[in-house]
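These features come from TrEMBL:
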- C:9-82: domain 'Glycine transporter' (DOMAIN)
- C:96-169: domain 'Glycine transporter' (DOMAIN)
- C:6-26: transmembrane segment (TRANSMEM)
- C:33-54: transmembrane segment (TRANSMEM)
- C:66-83: transmembrane segment (TRANSMEM)
- C:90-110: transmembrane segment (TRANSMEM)
- C:122-142: transmembrane segment (TRANSMEM)
- C:154-170: transmembrane segment (TRANSMEM)
- C:176-197: transmembrane segment (TRANSMEM)
Amino acid sequence: MNSTEFYYLLGMIGIVAFAVTAVLAVIPKGIDLFGACVMGIITAVGGGTIRDMILDVPVFWSQDLNYIWVSLFASIIAFYGYRLMNKRHIYQLMLYLDGLGVAMFIVQGADKAIALDFGMPVGPVILGLTTAIGGGLIRDVLAGTSTLLMKKDLYAVPLTIGAVLYMILLNEYPDYSNIIGVGCATFTFILRAIAIYREMKVPNWMMLKAYANDQMK
Amino acid sequence: MNSTEFYYLLGMIGIVAFAVTAVLAVIPKGIDLFGACVMGIITAVGGGTIRDMILDVPVFWSQDLNYIWVSLFASIIAFYGYRLMNKRHIYQLMLYLDGLGVAMFIVQGADKAIALDFGMPVGPVILGLTTAIGGGLIRDVLAGTSTLLMKKDLYAVPLTIGAVLYMILLNEYPDYSNIIGVGCATFTFILRAIAIYREMKVPNWMMLKAYANDQMK
Amino acid sequence: MNSTEFYYLLGMIGIVAFAVTAVLAVIPKGIDLFGACVMGIITAVGGGTIRDMILDVPVFWSQDLNYIWVSLFASIIAFYGYRLMNKRHIYQLMLYLDGLGVAMFIVQGADKAIALDFGMPVGPVILGLTTAIGGGLIRDVLAGTSTLLMKKDLYAVPLTIGAVLYMILLNEYPDYSNIIGVGCATFTFILRAIAIYREMKVPNWMMLKAYANDQMK
């Protein structure tokens, strides 16, 4: 499998993971099949769409409609499959699938920015994050739920670590980009999976809420 | 009237309908004249702006400021005209005007994507929907109200049927694009108008809420 | 200092002001360091990013990463500096800093649109407003707080007056663009500062809320 195929596969896995988690997340809010599919597709391709608009390149799904079809079918399956799943298991599965998706997209998004020499070396980190969390942010805003930026889960920090590590390693060992890509996606997923499993929260030195609350009174 | 003029007229009717409905929708939330005009303009041109950014073509209103002026004046008239209208009639008028706007834009948006051979045949459906509901989604998000994706009204389904039908008919009878455009816009509006008149909701097989709620308990 | 350097300095002052106010605004909602930095960066560069995407030019920060670094460091300093500041003073400082930022950006954003001859003469006003309030709107939407469009503060009106004045004066005296730029930014800031100091609200003739409320009952 060459580099292009590899990143294509990463992207498709991420698309499926995002569409499914989006649908599972909005069903309890009482969405219908059409809304669920729109949410699934927007979450799956939204981050990459914003990335491509910022990079000023043709939007990726316009040149390969498989991205749309895959996210549409994944959304429909998730919508009707919801009944078959136990609620607690759904929630756990959703978290890990989402972790898989963001780990795929952080590397894939950064890679597209690198290929275009966009704002090196910070641009790829920003566009990797945009690809990974952009779709989810749009979903939360459209669904009227609190966005991940306002939550205390250890979510975006592992992604940023993964993206920064990817940039450092690529700079040191430019000949091993595929291995480094797989490694960083795996590393990012493991970091996120540990955070999910241990229900880790952002450490205290990164929080100011308690203090802010005191001061409010 | 040639094809260009025809779609120009469709666009202007949609612009007026969207600006007016946006202003009527946000006034009860206590918005001022300036905010109402911003909301009117964003709702009227927002969907088309996103479409043009995705298509990577110059934003339509930058080349013809009539779109901005028309939506600005429609917003001002709607703002001060609000006092003259009976609340119940306003609400009904708003729904039908909005139905007219989305029916115009679904065809106009799809047509622009077709002209650029963008992601055929799925791209025009997506960009038609983007043009039709994008501005309204931005309005709802900025106004802090629940977006149409979370409601049970039969809203986006008629639009999607109209856009898909437009693509099928154009593919079969490419020589009759104007007639097909008028026909599909009219058909979409009639579908939506029936849904408004009969207060139709999304059918049960497209809903999972009741089940989801049971499972929650 | 030539024109390019001048607008660069305007931009950087605006960036710092926006990053700091964004962080101070979201801390009471219980955000962590990472979220605060993301909010700070998005607020600081978000409006200009949308402007550049609409103008279809390379996003400004991709060609000069100082914008990202400055907004990142300003966010971190604001996050940890929050403890040192008295709540009431923070709030006042935040309002004036924000007023400084929008006054800088309204001129800088309009100027970039003028340089590209974008939708003259209305386009520069719209893109000046986009640059000035776009980042703050994204911040409010992501933080789940009410956007400035729904508030009664005299906020966007001074900006619009400043932008329209800038376009009129530039048209009359094209040789004095720098002086007019400084003058309009200063004038806009003074207008906004008076509105903050006197706690001015939108005048009654621009409001319909009382009437709307009556009608609701």
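The backbone N, Cα and C atoms fix where each Cβ goes, and this holds for glycine too.
These figures come from a predicted structure and were not determined experimentally.
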Among the ranges C:6-26, C:122-142, C:154-170, C:176-197, the one whose Cβ pairs under 8 Å to the transmembrane segment (C:90-110) are most numerous: C:6-26
Stretch of maximal Cβ-Cβ contact with the transmembrane segment (C:33-54) [cut-off: under 8 Å; candidates C:6-26, C:66-83, C:122-142, C:154-170, C:176-197]: C:122-142
The transmembrane segment (C:66-83) in contact with the transmembrane segment (C:6-26), cutoff 8 A, at least 3 CB pairs, sep 6+: yes
Positions on the same chain near the transmembrane segment (C:122-142), where near means CB under 8 A and six or more residues out: 18, 22, 25-26, 39, 42-51, 54-55, 98, 101-102, 105-114, 148-149, 156, 159-160, 163-164, 166-167
Counts by DSSP class (helix H/G/I, strand E/B, coil) across the domain 'Glycine transporter' (C:9-82): 64 helix, 1 strand, 9 coil
Secondary structure content of the domain 'Glycine transporter' (C:96-169), with strand meaning DSSP E or B: 59 helix, 1 strand, 14 coil
Model confidence over the domain 'Glycine transporter' (C:96-169) (mean pLDDT, whole number): 91
